[in-house]
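Taking it in order: structure first as structure tokens, then the write-up.
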DNA sequence: CAAAGAAGTGTAATGATATAACGTATGTTT
DNA sequence: AAACATACGTTATATCATTACACTTCTTTG
Ligand SMILES: [Zn+2]
Ligand SMILES: [Zn+2]
Ligand SMILES: [Zn+2]
Ligand SMILES: [Zn+2]
């Protein structure tokens with residue numbers, strides 16, 4: 001059987017990310033969890049690694065930050081729309097484009113294992129509509 | 001009038017990236033250009049910034065690395081297929097999927113200004129075909 | 001051409017992100 | 001209970017990127 005229960009540190013990190021709703025860096029998380037007894041970056045990074053392997057969080061490469069997954073049980077790749085004005089990050093799926101990208105590089109014999117899709121711009125709220 | 005001529009440092013960095021053909025980190029570049037007189041990270045980062053603004057190079061977010069643009073005069077967004085076995089990075093265009101992504105987030109009122117699209121996997125050569 | 005402004009330079013220090021190494025503890029399987 | 005896998009805390013270090021400052025070079029324009 002798989003799916004161990006999350007450990008205390010893992011749960012703390014996941015809960016903090018989920019409560020935040022936004023993307024946090026490892027050091028943001030460390031600062032916010034010092035009150036819970038976390039003291040060193042490596043404790044946060046270890047929790048983040050496990051949570052990532054289990055698909056409970058995503059890493060936002062262009063921000064060096066992490067966010068709780070809001071979809072769970074991914075069939076498809078995750079994309080992110082990142083507002084550079086307010087920092088909001090919205091997760092989205094893009095099944096048609098995903099297939100398009102996969103086949104675009106597949107023509108050259110490339111086997112895609114993971115996609116990083118991060119759109120930077122301005123969210124509806126910040127555009128003032 | 002725009003389009004200044006590239007300075008010595010900028011040309012050194014661009015030439016090194018173009019000659020390499022692969023993605024290099026700022027510190028890779030610094031090491032390889034010490035013989036040309038470069039001494040400090042900031043010299044490389046400054047050149048990289050200008051080159052990026054002019055569209056002569058791209059930053060690969062998921063590698064903290066930089067690569068020479070092989071397309072020039074981008075109408076479209078750039079995507080990258082990155083082989084995790086050999087490190088090869090291939091730039092590609094994806095006009096249809098690009099439009100799909102843009103409209104996917106556009107439904108929520110998001111205005112896309114820049115796309116990071118990085119596909120990790122295995123290249124044809126490494127797959128042994 | 002000379003003055004003014006914009007862009008670039010080198011040096012030094014620092015900040016921000018991430019991992020390695022070590023020995024110990026805890027939980028699960030047999 | 002022994003063996004194994006996973007996680008722990010601590011310390012140190014590696015890697016990536018920027019700030020600050022004083023000075024120089026290039027470009028524009030009066
Ligand atoms: Zn997700
Ligand atoms: Zn916004
Ligand atoms: Zn390009
Ligand atoms: Zn390869």
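Heads up, the Cβ atoms here are built off N, Cα and C, so glycines get one too.
Annotated features in TrEMBL:
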- A:83, A:86, A:123, A:126: Zn(2+) binding site (BINDING)
- A:98: Fe cation binding site (BINDING)
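Feature map: TrEMBL annotations on the structure.
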{"residue": "A:83", "record": "Zn(2+) binding site", "Cβ contacts under 8 Å, 6 or more apart": "A:89, A:121, A:122, A:123, A:125, A:126"}
{"residue": "A:86", "record": "Zn(2+) binding site", "Cβ contacts under 8 Å, 6 or more apart": "A:123, A:125, A:126"}
{"residue": "A:98", "record": "Fe cation binding site", "Cβ contacts under 8 Å, 6 or more apart": "A:76, A:77, A:115"}
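Annotation for the binding-site residues A:123, A:126: lowest Cβ count within 10 Å of the residue's own Cβ, A:126. DSSP assigns residue A:86 (Zn(2+) binding site) to coil in the three-state reduction, placing it in neither a helix nor a strand. Of the chain residues outside the Zn(2+) site list A:83, A:86, A:123, A:126, A:84, A:85, A:87, A:88, A:122, A:124, A:125, A:127 have their Cβ within 8 Å of the site's Cβ mean position. In this entry, A:123 stand out among the binding-site residues A:86, A:123, A:126 as having a C-beta under 8 A from a C-beta of chain B.
Candidate binding-site residues: A:83, A:98, A:123. Those with a Cβ under 6 Å from ligand 2, in sequence order, are A:83, A:123.
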